[in-house]
Amino acid sequence: MELHILEHRVRVLSVARPGLWLYTHPLIKLLFLPRRSRCKFFSLTETPEDYTLMVDEEGFKELPPSEFLQVAEATWLVLNVSSHSGAAVQAAGVTKIARSVIAPLAEHHVSVLMLSTYQTDFILVREQDLSVVIHTLAQEFDIYREVGGEPVPVTRDDFSNGFPRTQHGPSPTVHPIQSPQNRFCVLTLDPETLPAIATTLIDVLFYSHRTPKEAASSSPEPSSITFFAFSLIEGYISIVMDAETQKKFPSDLLLTSSSGELWRMVRIGGQPLGFDECGIVAQIAGPLAAADISAYYISTFNFDHALVPEDGIGSVIEVLQRRQEGLAS
């Protein structure tokens with residue numbers, strides 16, 4: 001398998017809901033006029049708490065500082081796994097890289113963020129951790145770093161100043177999980193048809209002002225949650241929204257898999273997770289991989305979100321609760 005270190009240098013930001021008005025214009029520019037901003041990595045996720053942005057340096061320039069904008073200190077690099085094997089159908093999403101990427105990085109105390117899209121899964125690691133990442137994964141992968149759009153082979157020797165942090169850290173924190181009742185769909189869209197849904201997209205993201213129902217509370221089973229994720233990365237669009245929101249969009253323009261599968265969410269974290277703790281993604285992806293359950297995974301500024309097949313949500317909750325009980329004991 002190949003691991004590609006993409007050229008994007010990404011910043012992770014949070015826009016507070018009361019301050020969204022200040023960022024509507026630059027966000028619309030990034031959404032609909034990417035050539036003007038030269039932004040090639042743009043992701044916007046609405047949650048009950050805030051709007052999380054993952055943007056490259058060109059996109060970051062478009063966002064003015066304000067009291068409503070929080071910026072994570074680190075610059076993040078983007079990793080992507082490609083497999084050329086003609087393997088039989090297997091679990092998709094973060095599950096397929098849980099053992100080969102997520103678990104080893106957690107063992108070596110590398111904090112990761114995940115962004116699953118319709119097309120692929122992006123793994124974000126802090127720039128300062130790159131040497132550790134390469135040393136950790138070089139045995140498993142052929143590693144390439146994109147330079148000027150071309151893949152250049154990378155070896156351990158190229159990053160000889162970093163070595164795996166093999167010391168045992170503290171036991172992973174057991175984070176509570178919630179499963180809201182929404183049913184979600186994962187969709188894509190031909191970028192040429194984006195203008196046709198622009199009005200609806202702007203309304204849903206900026207002007208609907210939906211009130212989250214218990215979503216930010218400590219209730220173990222919130223009835224529903226405000227969640228909408230849009231990404232435009234290297235010309236490819238991915239959208240995650242609940243089935244009710246999808247009804248607002250023209251059905252002939254949004255594309256999904258032939259099965260039209262719906263997904264349920266597992267939300268990770270009772271308090272904001274922060275960026276320093278390692279193993280949060282592994283805590284979820286590992287048990288799902290062991291059970292061969294497909295999952296999309298989207299990290300945000302405060303919490304993490306896994307999407308699993310709707311018909312398997314009961315077994316997923318059972319698997320994760322068993323894992324939590326094991327960690328807590």
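The first residue you see is number 1, and the count goes up from there.
A Cβ is built for glycine as well, from the same backbone N, Cα and C atoms used for every other residue.
Swiss-Prot annotations:
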- S111, V112, G274, I280, V281, T300, F301, N302, F303, D304: L-arginine binding site (BINDING)
- 72-138: domain 'ACT 1' (DOMAIN)
- 260-321: domain 'ACT 2' (DOMAIN)
- S14: phosphoserine (MOD_RES)
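Annotated features, which come from Swiss-Prot, shown on the structure.
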residue: S14; record: phosphoserine; Cβ within 10 Å: 20
residue: S111; record: L-arginine binding site; Cβ within 10 Å: 21
residue: G274; record: L-arginine binding site; Cβ within 10 Å: 12
residue: V281; record: L-arginine binding site; Cβ within 10 Å: 26
residue: F301; record: L-arginine binding site; Cβ within 10 Å: 24
residue: F303; record: L-arginine binding site; Cβ within 10 Å: 22
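Of all the binding-site residues listed here (G274, V281, F301), F301 has the Cα closest to the Cα of the residue listed as 'phosphoserine'. Note on the domain 'ACT 1' (72-138): its mean pLDDT in the predicted model is 87. According to DSSP, the residue listed as 'phosphoserine' sits within a strand segment.
Applying DSSP to the domain 'ACT 1' (72-138) sorts its residues as follows: 25 helix, 19 strand, 23 coil. Here the domain 'ACT 2' (260-321) has, by DSSP, the following mix of helix, strand and coil residues: 23 helix, 17 strand, 22 coil.
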